[in-house]
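I have a structure I would like to understand better, so I am pasting it below and will then ask my questions one at a time.
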Amino acid sequence: MKTRITFAALALAAAMPLLVSGVFAADGAAPAKVPSGPHPITQEIPADPMAKEITDDHKRARNYADQPPLIPHAIRDYQIDLNINKCMTCHDRKNTEGSQAPMISVTHFQDRDGQTLGAVSPRRYFCTQCHVPQTDAQPITGNRFRDIDSILAGGKAGGKEGAK
């Protein structure tokens, strides 16, 4: 008897996701275009057009300490792989004088133990892991991020106004 109850409970637990997904799929109230959800595998949902890159070469202010700088120029056809890193043609230490591009940070020349290397560390070689081009894309969701300066000046989070 105990085995049957255990088996029935396991079967119900296994079937629950199927039952719940069926309810949501039959609802029909979902918007026509969502990034994920209950769509038949054969249904194609067109992607939004790519956001336009901002290529004015204007250096953007950073929102928080240690934020990687944004890339202020187009990089669409840049080759960045094990053999070639197009970014280094301008941003490598030996090329910055001619290109007038900012040199990559000295932290990119350190290994995981903090030892300085003669070339870019392999863990920092793929620039687009951290650095992204600036686009004019609108946020998909709301954003209430506040940088530390606005928090310190604002009062709600213990800033100068809160100290009065």
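The backbone N, Cα and C atoms fix where each Cβ goes, glycine too.
Annotations per TrEMBL:
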SIGNAL    1-25  signal peptide
BINDING   His73, Cys87, Cys90, His91  heme c 1 binding site
BINDING   His108, Cys127, Cys130, His131  heme c 2 binding site
Can you name the binding-site residues among His108, Cys127, Cys130, His131 whose CA is within 10 A of the CA of Cys90 (heme c 1 binding site)?
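Cα filter at 10 Å returns nothing.
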Which residues, same chain and not among His73, Cys87, Cys90, His91, have a CB within 8 angstroms of the centroid of the CB atoms at the recorded heme c 1 site?
Ile71, Ile75, Lys86, Met88, Thr89, Ser99, Ala101
Among all the protein chains here, how many other CB atoms are within 10 A of the CB of His108 (heme c 2 binding site)?
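Counting Cβ neighbours of His108 (heme c 2 binding site) within 10 Å gives 19.
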By a 10 A CB contact count over all chains shown, which of the binding-site residues listed here is most packed: His73, His91, His131?
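The largest 10 Å Cβ neighbour count belongs to His91.
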For the heme c 1 site made of His73, Cys87, Cys90, His91, how many Å separate the two farthest Cα atoms?
13
How many Å lie between the Cα of Cys130 (heme c 2 binding site) and the Cα of Cys87 (heme c 1 binding site)?
13
If you count the C-beta atoms lying within 10 Å of each candidate's C-beta, which of the binding-site residues Cys87, Cys90, Cys127, Cys130 ends up with the smallest number?
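So among Cys87, Cys90, Cys127, Cys130, the binding-site residues given, the one with the fewest Cβ atoms within 10 Å is Cys130.
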If H, G and I count as helix, E and B as strand, and all else as coil, what does DSSP give for Cys130 (heme c 2 binding site)?
coil
Neighbours of the heme c 2 site His108, Cys127, Cys130, His131: Cβ within 8 Å of the Cβ centroid, same chain, sequence order.
Pro68, Cys87, Ile104, Arg124, Phe126, Thr128, Gln129
Out of His73, Cys87, His91, the binding-site residues in the record, which is closest to Cys127 (heme c 2 binding site) when you go by Cα distance?
Cys87
Compute the C-alpha separation of His108 (heme c 2 binding site) from His73 (heme c 1 binding site), stating it in Å without decimals.
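Computed Cα spacing between His108 (heme c 2 binding site) and His73 (heme c 1 binding site) is 20 Å.
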Look up His91 (heme c 1 binding site) in the DSSP assignment and reduce it to helix, strand or coil.
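Once the DSSP labels are grouped into three classes, His91 (heme c 1 binding site) ends up as helix.
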